[in-house]
Structures are given as C-alpha cells and as structure tokens.
C-alpha cells in the first residue's frame, strides 16, 4: 500500500543526467537562433511548427500561444538548475494572483482581461535619476537571459521554471540609488476594471512587496519578462514581474507598475494581512515553520506522484551558496 | 390541500427505491474523485485537490444530514427520517477520506509526524477532534446501540452532531484565516446556523400550540 522511494524526497540529479557544458551551450545557441528565427517567421506568419520542434531540445516546446522572447544563457552563478522543468500547462494554470481570484485556477481563467500594452514602470524615491520606462524600453534595457529557477511557494509546493529577463540591478543602476536608499518597494497594478478581485477585502490593494537594497541588487534577483521561451502569460505576472528565487513565491511581485527606493522597510501586502504568518524577509527556510504547517518539505508540482513522499525543502531554496552571506549574523527565526 | 400534497410526497419518499437512490447520489462525489484521480483530472496538485474536496464534501454532507429534521418538521415529511442515518454515515465516510488523504498525501503516513502536526497546529487539532466525535456517532449509529444506550441518552449523544459541525466550521475558518478568505466559510456557517434556528423555531411553535 505504501509506495515509497529511497531518496526520501531529496532528489538531486545524478552526474550522468547533467548536460555537459558544451552540449548545453550548443543548445542555448540553437535556442537563440530558433527563437530569433521564430520571432522573424512569426512576424511573417511562417513555420511556427519548425521553431517548436527545434526548441524541444532546450527542455520544453514553445506553447505557441504568446510572442517568443529570445534570450541568451545566463552567466550568473546558480541561475540554471538542471532539475526537470515543470510542465508549461501546470505553471500557467496553477497560480496565485489574487487580483484575479483566490482559487489556483482563477488567474488562468480571468487574467485574459489584463491589458499589458501600453505599460509603464515608474522608478522613483531615493534615486539620483527618477525615471519612467515604457515596457518596450524596459525589454531592451539589458540583454534578455534565460534562468531556470526553483520556485517555492509558502503553501508548500514548488516548481522549476525557465524564466527570461535580466538582473534587477541593471535597472536600479540606471536610476542611481542615493546613499540613503536602503529598501526597494514594488507596487503592482490594481485596476478594478480589469482585475475582478481587486475590491475584495482579502488584501490591501494594490499588492506591494519589498526587498532590502542589497537583496534587490543581488544578481539572482530577476526582473522577468518571459518564461518558456515566450513573453509572460498574464496569469504569471505579465508584462513584467520580479523573481526572487531564494524567497517564497509571494515576494516576487507580479505586473509591476512602480518601484520606489526608500530608507524605511516598506510594508508588504501579506505582512499587512497576517503579520505573524508572512514576515518581511520570507526566505525559504525549512527550519522555520509557517504557523499552520511545516516548511520542512514541499511537493514538486507535476513530478512527484500522488503517493510519493514530499521532498525536503532546502535552505534558501537551494541558493544558500549564492545568497547566504546577505543574512550573515541575522536571527532568521526572528526575521522570518 | 397542502396537507394532501405533503402526504402524497411523503408516500413517494416511502418508496422502495428512495434509499438506494439516495445511496447512489451520496456516492457520486466519491466516484467522481476516483475517476478524476485516475484520469489526471485533478489539476496541477492532485493531492491538494483530494484533501480539499473531501473536506468540502464532509461539510456538505453535514449540512444535508442536519437539514433532515427541519425539512421533516416544516414540510410534514416524516419519511425523510428514514434517510438520516445513512446520510450521517456518508458524512463520516467523507470525513474519513479527508483524514486519510491528509495523513497519506500530506504526512506520508508517518505516524510521529502526524501526531506532531495534530498537536502543534490548532486547526488540525480542531478538525481531528471533530473527526473523533463523528466516529463516536458513527459507532453508535446501529439500532442495537440505540437500544443499549436508551433512547434519551442516545439522542443526547447524537445532538453532538452540532458540535461536530461547529468544530468543522472552525477548522475550515482557521484554514482560511491566513488568507482572509472567508466567503465559503460563511456560506456553510449561514446554512448550519439557519438549520439550528429552524429547530429552535419549531420547538417554540410546538410549545405555543401545546399551550393553546
């Protein structure tokens, strides 16, 4: 009756499963060519099928539902886990995006109303050069990189997603944060006309999130415009979102319209809603439980069978080597 | 006229096929879940879907079984009473499936971990208490138990079904509290409160009629 594996849920790839660097780079190169070609052929209405078949080599096929977003391999350390990717269908139908409803299937059903063009992101506060960027400008601000990150939700499930974007630091450098700037606040869209659940009292809208400036400047902190070779689907935070892979998913604000640099820790939407459950830091930490459930294990969506044991959650979601020093000496039970 | 139509309906409900039909209806959610689980119809997180839907069906069945007495009284349909025990046992069946899926899919059947989880988390503890209480009601559901306990005592015990419903609601409320998402909790609470009030109203009415 009990179906168990011997790995106690701690499933790292065998060396033999890891793609040799040469092959990986070749794939990335091919992928760039194909994505570029797909963009061109898409514009001409030609050969989308060819692009999809070739892209399969990169671990996924384009869904063909959205515009492609060409990208290069990221050189950032830790930016490409080799774990099995979550299926596109699961990553785009199992979402938390409360502006469109609280059920996991609501965002995919309701986010079609979101208008992602025109779109502007205002960057302001304690900066030398406050600026407002149009989305087209933002897309071209730095080279688009593909990064395969683990995503761990505070609810105890996880995915592996190939995001496209560039380090948030690329953007922040342009606006020249002043010496007084210590934190970065992210404000997301709250449009009652297109987001049916804004107006419910579940959260204090608009959804806001925040990072300490050094966290925001960390190369792994990604300003993301796409996933799986294409631009972001609306339910995943189109047209621009944050991805902070060592923190619980809710720290990664979706559909961002404003970024404010401040000298005080900004209030965040979930912290305001339930202070004792969702702290400001919200680093993935198997040793600090959520008040209502353990964070020691997680269920990898679509991969572990119904009867498989859940896998062990890794400190900082497995990015400890990259980000551990940001929290040296901090009591992570207090600053959860 | 109304009395006649009530009597007619009551006679229909007395029919031989009514119990088997109700039995089949109560099995529909279970059959659907079984089908969905084997045909990849439960979405991206099937384990969560199973835990949640068995919890939902427990609450729904509790509402159904609590509706029997008020419907019987207000609509003058005494034959509805025949269905009550079966409906109650189905509420227990879905509660047991709910506990089983939590223990299996969430806790991997690790007993120490399960006990630690129950002790540590009030909302799990409350849900577990509701299950234990429902177990007591299920065990004492046979007619032999009614005889053994005596009608009065048996009835006292089985009034605990309201406590079960209250604990189940608290369990659900607490589960949703982290996300301030109470809409569904309130729907169930409203129904349970309404069914409780219907009993109080019936009792007041009978007392007034007795006095008159």
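Don't overthink the numbers, they just go from 1 along the chain as shown.
Heads up, the Cβ atoms here are built off N, Cα and C, so glycines get one too.
Pulled from TrEMBL, these are the features on record:
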- B:56-167: domain 'Ferric oxidoreductase' (DOMAIN)
- B:21-38: transmembrane segment (TRANSMEM)
- B:58-75: transmembrane segment (TRANSMEM)
- B:87-105: transmembrane segment (TRANSMEM)
- B:121-139: transmembrane segment (TRANSMEM)
- B:160-177: transmembrane segment (TRANSMEM)
- B:183-202: transmembrane segment (TRANSMEM)
Beyond a gap of at least 6 residues from its ends, the CB atoms lying under 8 Å from the transmembrane segment (B:87-105) belong to 22, 26, 29-30, 47-48, 50-51, 54-55, 57-58, 61-62, 64-65, 68, 114, 127-128, 130-131, 134-135, 137-138, 141, 161
With the greatest number of Cβ pairs under 8 Å to the transmembrane segment (B:121-139), the stretch among B:21-38, B:58-75, B:160-177, B:183-202 is B:160-177
On average, residues of the domain 'Ferric oxidoreductase' (B:56-167) score a pLDDT of 94
Other same-chain positions with a Cβ less than 8 Å from the transmembrane segment (B:183-202) and lying at least 6 residues past its termini are 59, 62-63, 66-67, 69-70, 73-74, 162, 165-166, 169, 172-173, 176
Summed over the domain 'Ferric oxidoreductase' (B:56-167), the DSSP helix, strand and coil counts are 98 helix, 0 strand, 14 coil
